[in-house]
Amino acid sequence: MKQNLISSVQIILLLPLTTVGLTSQSFPGKPKIIRCRSLEKETFSCWWKPGSDGGLPTNYTLFYSKDSEEKIYECPDYRTSGPNSCYFNRNYTNSWTTYNITVTATNEIGSNSSDPQYVDVTSIVQPGSPVNLTLETQRYANIMYLWAKWSPPLLADASSNHLYHYELRLKPEEKEEWETVPVGVQTQCKINRLNAGMRYVVQVRCMLDPGEWSEWSSERRILISGGLSPPEKPTITKCRSPEKETFTCWWKPGLDGGHPTNYTLLYSKEGEEQVYECPDYRTAGPNSCYFDKKHTSFWTVYNITVKATNEMGSNSSDPHYVDVTYIVQPDPPANVTLELKKPINRKPYLMLTWSPPPLADVRSGWLTLDYELRLKPEEGEEWETVFVGQQTQYKMFSLNPGKKYIVQIHCKPDHHGSWSEWSSENYIEIPNDFRVKDMIVWIVLGVLSSLICLIMSWTMVLKGYRMITFILPPVPGPKIKGIDTHLLETGKSEELLSALGCHGFPPTSDCEELLIEYLEVEDSEDHQLMPSHDSGRPSKNAKITLKETDRDSGRGSCDSPSLLSEKCRETCALPSALQIQDVRDVQAKKAGKRSWESYCVASERKALLFNNESAKSSTWPAVQLPNNQPPTFAYHSIVEANKITSTTTNMNVAAVLVENEERHQSLYSISETISGGMEKQEEMENLHSKTTQTTVQVRQNRSNEKLPFLNAALMDYVEVHKVRQDEEPTVLLKHKEKSGKIEKYTISGASKEYTKVSTVMNHNILVLMPDSRVLHTPTSQEEPAKETSQNPQQGQVETNMSYCMTAPRDCQREPSGSEYMDPSSFMPSFK
């Protein structure tokens, strides 16, 4: 238990450290005091070196206390001596006091202090270097002497009683060893025993007693000549134009020959013989000549020489030819600024901005400058150079956080000229927090990805099968009992359907051929249909017209298997239908002018009514009848017919015409006028002899009165009973009463066996085809038609509905086996 408690405490304590480690933000590093120095024993300064800032802004504070006091004071001045320093003026300086000094670094997380530094002002005195060092040679008694003179440090107070001790060192210019000469408190020194004809380098330093030596002064050089001689030839070092409007030339003097020497610059212009002297020796510094705008010609070549003269003679430099266009070297860019930008949702970058050189006339376009920058880490040695072009700003990306960079910029003219000097160094430090944020994001993403992978692996191990089943569910098998899966896989649909007790698919090639709207035939004298109760003369002019076929494959012609099977067995025959325009004329003409026999059976008190609003879609082609008659419908069973008759209150009598189309049906329209002679009769007989069917036409006169409901017994002939195969195929209709007996219709003592339905015509006419052999053979099977019972509420119905049966002389059929048809479209019932 104790071990668990200890481990928990350790984890809790390590959490802040882990957080600090992940974010790379920590306490500041320990600063270090480098040195403390007093220039004249009256003031002093201390400098320190900062440690790491811990990734956060850090403040540095210097605290001190005196040996005789316990009170702690803060630095009085952080600016005078520069960055990371503290300056103590005379008010805060005591020469006989020891100071205990520490530096504290503080950031948001914490603070850190340097080691204490004990300072006694008398022991840290280090004056500045002497200034104004001059060298001069003098000859005394043919001996050459060197006189060196200087001044005390600049901060030394002349009114003070401090005494400086000086020390001088010199060496030949070609050697490395220095010769040191103590001077004392004097500010000049005379040196002899020098080698004539050699150049020497001289430096001076000083100290206070007690204290430390100052830094050496700057170097001064002098040539010790062996005797009196003219000066050496000077050398022109360079000529430069900063803005392509003025220029300056510099030279390097030679040996002066032991005498003071004067230098003069002379020049002449191309194409002129006149010689001019330098207009200004002071503006550009010593050993130089400045040409202002008045003395500068942009398209002129200058021939320049420098002449050195002393008491012993003179000497001139080599001529130097100058064209201002090619000596342009602008000044370094000014106002260089470095700024670290922190855009939202983007990485930080360093923005560098600068200004063109002050003397360059860039706005007017007289001078166009290109810029180049370089940067490196403070501790690095190699510079990274970037060409910027003519813009005065640049964005630096991909800088390493936590490092301090040095940046410099220079420029040059876009055409002729040279690069300027590099600008002064600019420093900027890139904080660590940007890289830390990126690291945190990647660490979090890595941890989350690892957790997700572990969870998915664990889930797959424990519930792999369920996951696979959920992602890839199994294909379900057939659930119908009795299906042979082998037949289903092999694709034998016919055997599969036969196993299920379903009929095979009907041939698709004949569906359209079985469809026809209606066939109108107008017969004249020899070809006529007789109504049941009226007689008359047929019209002298009749037309035989074949209308356009309805090719709706969804009609009943495609649904009836009997028609399909019969159609496949029949030969090509021309379908025909007869339409009687005048029934009375046909009856009058019947006696001696036509060879066809017509038998009409009158049916009284029996009608079929159909309502347009409640009618269903027929399985036979719906015909648009003339005089805006509604389309007729057919059904496959008495039950459906009973549904129609039991749900309609307003129905009209309609006739259904069923047509047996030819296998190769053609769309054509024939119009013929029958005059009444024997030639027309023979033509009609030949036309009908080409077909294998005899039509029976049933016409029902329409009534304007609304009829009541019909009894279901009216529709009793709805299917085929049997097919005779004795001599020629014959179809017998089946009566669907309870007695189950077969009824045959006879007219004038002749039994009629209906072979098939031919077609459905307009004007409510049903056409059937009888057997030709029965027309000439009497039969004893004639029975009167049974009348169906009428509904007592039924209204008055027209009784002039007739069924006319005609047969051509020669109606040949091919004995093609058992043929039957489904006359489910027989809407009226027969007596």
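Each Cβ is built from the backbone N, Cα and C atoms, and glycine gets one as well.
Residue annotated by Swiss-Prot as N-linked glycosylation site (from the set Asn132, Asn612): Asn132. Per Swiss-Prot, the stretch carrying the note motif 'WSXWS motif' among 84-88, 404-408, 419-423 is 419-423.
Record source Swiss-Prot places Cys36 in a disulfide bond whose other cysteine, from Cys46, Cys75, is Cys46. In Swiss-Prot, the annotation motif 'Box 1 motif' applies to 471-479, one of the ranges 102-110, 471-479, 507-515, 588-596. In sequence order, Thr368, Leu369, Asp370, Gln390 are the residues of the chain that are 6 or more apart from Asp414 (Zn(2+) binding site) and have a CB within less than 8 Å of its CB. Comparing the glycosylation sites Asn91, Asn112, Asn132 on other C-beta atoms within 10 angstroms of each C-beta gives the minimum for Asn91.
On the 0 to 100 pLDDT scale, the model's mean across the motif 'WSXWS motif' (419-423) is 93. Taking the Cβ of His416 (Zn(2+) binding site) as centre and 10 Å as the limit, one finds 13 other Cβ atoms among all the protein chains shown. Remark: secondary structure over the domain 'Fibronectin type-III 2' (129-232) totals 0 helix, 54 strand, 50 coil, with classes taken from DSSP. Remark: of the glycosylation sites Asn262, Asn315, the most isolated position is Asn262 (fewest other Cβ atoms within 10 Å of its Cβ). Mapped onto DSSP classes, the motif 'WSXWS motif' (419-423) shows 0 helix, 0 strand, 5 coil.
With respect to Asn132 (N-linked glycosylation site), the closest of these recorded positions in Cα terms is Asn91, chosen from Asn91, Asn100, His416. Least crowded of the glycosylation sites (Asn59, Asn100), judged by neighbouring Cβ atoms within 10 Å of its own Cβ: Asn59.
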